[in-house]
Amino acid sequence: MTRATGASTSLLITDVRLYGEGDPVDVRVVDGDIAEIGTGLAGADETVDGGGGVLLPGFVDLHTHLREPGREDTETIETGSAAAALGGYTAVFAMANTDPVADTAVLTDHVWRRGQAVGLVDVHPVGAVTVGLQGTQLAELGAMADGDAHVKMFSDDGKCVHDPLLMRRALEYARGLGVLIAQHAEEPRLTVGAIAHEGPNAARLGLAGWPRSAEESIVARDAILARDAGGRVHICHASTAGTVELLRWAKAQGIAITAEVTPHHLLLDDSRLATYDAVNKVNPPLREDSDCVALRAALAEGVIDCVATDHAPHAEQEKCCEFAAARPGMLGLQTALSVIAATMVADGALDWRGVARVMSERPAAIVGLPDQGRPIAVGEPANLTVVDPDATWTVDASALASRSANTPFDSMTLPARVVATVLRGRVTAIDGEVRAR
Ligand SMILES: NC(=O)N[C@@H](CC(=O)O)C(=O)O
């Protein structure tokens, strides 16, 4: 449905409905900014035919694992950036649990520069909260925040900052630096050996249980620590109905707490574990249908602020093995929009303006990105995503841009498709193909 010709400094996106509302319009982009919105526009170096689709601000993912440095066999900044561009993303936050860990400015600056060299999406490094993710000594948060990458968010994701004194100190530094601590909420004493949600399914299947309380006890604790420290805490991958109620309480107290939910926790529940297929193993684990329902309602209502993929590539040998031995994690960048369309848009829980809110505006605001999640208006930066809301497609894990194939959505037919992604006026993906610089 799209036609594109030539390289450009001016770009015309024709026949799109802004946020899926109103009559179709054309959008002219000049030198990276939106210059004109109208009808019958013509004449540009390049034209993208929106085909009557939906124009949204480019998506922002606060939670991505790009595995570089250290596990380039499973993903690289280049392959992960390609998956992001194809998924409609213009900015992603790359988690610190690489090898070596991103706990120094040297490393976070390297990730930032590598992302800029690839040029498909802004790759913002997340700095580690503690040295080596060991949970014992604060990392050089100030140096990372002051470096070229201007690190805005710190997380030990994959591990919880479980020492309450260390978490308190991190929040105090975060307040001073104007940054955010993103917590992987998992009380480790409650999840020793745990590999599946603690409930009837895990009991039937003989899988050691990861109780909801392991997440909820940390969410409650960190809300209180954030209140007293005056720092901002962001809850990674909220997965339980109880977490939703804690967030509701904390927000009502005026505590500076925000939260994300993954597409897979909105759609999938632990009944999928019956096959023992480790593609369904993820941290936190897939919960029960009642949790999915509560998470969807919370996202629609704004109690959960945004969607984040927790894109977690793993090698085949780390997934095609016995459930207990498999690594937790699932791909997410190329399927996120479609899973949100299936879980939230199809039943009217979110309209396309709501999708813009949870996939672009809120995540950009949470980390304070000045040029992302902006209104689609003249003078604004052209970080944009064109979506065909009427398309359906069948996910083929082997055809994804990621270097890994561990998606639970393989062979699923999903609604809505990203047609084109535009980063600062440059087309980075179109009709399922990445556009290298
Ligand atoms: N979310 C996951 O299931 N996996 C993450 C880290 C983690 O949170 O365990 C990964 O890095 O693979």
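Glycine is no exception: its Cβ is also placed from the backbone N, Cα and C atoms.
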Checklist entry - Which one of His265, His314 goes with His65, Leu66, Arg67, Asn97, Asn283, Pro328, Gly329 at the substrate site, as TrEMBL has it? => result His314
Checklist entry - Given that TrEMBL lists Asp157, His237 as binding Zn(2+) 2, which residue among His124, His184, His264 does it place in the same site? => result His184
Next on the checklist: Can you find which of Asp291, Asp305, Asp310 TrEMBL lists as binding Zn(2+) 1 at the same site as His63, His65, Asp157?
Outcome noted: Asp310
Item to check | Distance [Cα-Cα, Å, rounded] between Asp157 (Zn(2+) 1 binding site) and Arg67 (substrate binding site) | outcome: 13
Checklist entry - Tell me, which recorded positions from His184, His237, Asp310 are within 10 Å of His65 (Zn(2+) 1 binding site) if we use the C-alpha atoms? => result Asp310
Checklist entry - Which residues, sitting 6 or more apart from Arg67 (substrate binding site) on the same chain, put a CB under 8 Å from its CB? => result Thr74, Glu75, Thr76, Gly80, Thr98, Pro313
Checklist outcome for this item: Excluding its own, the Cβ atoms lying within 10 Å of the Cβ of His65 (Zn(2+) 1 binding site) add up to 27
Next on the checklist: Suppose the Zn(2+) 2 site is Asp157, His184, His237. Which further residues of the same chain have a Cβ inside 8 angstroms of that site's Cβ centroid?
Outcome noted: His63, Met95, Ser155, Gly158, Ala182, Gln183, Ala185, Glu186, Cys236, Asn283, Pro284, Asp310
Item to check | Cβ atoms near Asp157 (Zn(2+) 1 binding site) (within 10 Å, other residues, all chains) | outcome: 26
